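In what follows, a single structure is set out as structure tokens and then discussed.
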């Protein structure tokens, strides 16, 4: 990417192609997709089921390799990196939030949020302080000793958000994070996400079917015939 440092997006997808084989047929999901994600900007990915939303997020988040094309993270190409190198980038630069919270049931909210930092080898005192700070920011200061089964759906998802940003990532990917929530709770969780984007200047790409929530994002994009298109 021949740009000045100030012009480099946090994540840039360049000519991404991804195909799957079903029996004797080849299904092209992404076909030359391009997308730039900038610091402090929220982007909604709105597209029908089966259009490639999750595939795009997995490729952008280095969970899956494209068949062709390149994924740049802070200007550095990643597709030729080893699995260990890609894992390290995911741990330091990338956060994920899913439709299902995926919290560890045997651990408290605090311990779940501490986990990504502990994996990186940070001191326990540092991880406790950071986890408490994030949970308090998300309105969960009085719930830190509760296990997932003792939390409401909205609280569980806010803990998942806290865990995703525990390592201060550069980019946050969210795949239908409010899909299992009622409208009121979904609104609360969505506000928490967008507030974090502005407060931390993280880039965010969120796949959602909720057009009302998507309308509050800085940008809206879709997938048509395997390519990314900007929406009004």
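Please read every residue number as a count from 1 along the shown chain.
Every residue, even glycine, has its Cβ placed from backbone N, Cα and C.
As recorded in Swiss-Prot, the features of this protein are as follows:
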type: BINDING; residues: 47, 48, 49, 50, 51, 52, 53, 54; note: ATP binding site
type: DOMAIN; residues: 11-231; note: domain 'ABC transporter'
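Counting other Cβ atoms within 10 Å of each Cβ, the lowest count among the binding-site residues 49, 51, 54 belongs to 49. A Cβ within 8 Å of the Cβ centre of 47, 48, 49, 50, 51, 52, 53, 54, the residues given for ATP, is found for these other residues of the same chain: 207, 223.
Non-local contacts of residue 47 (ATP binding site) by the CB criterion (under 8 A, 6+ apart in sequence, same chain) comprise 53, 207, 222, 223, 224. Under the three-state DSSP scheme, residue 53 (ATP binding site) falls in the helix class.
A sphere of 10 angstroms centred on the C-beta of residue 53 (ATP binding site) encloses 23 other C-beta atoms.
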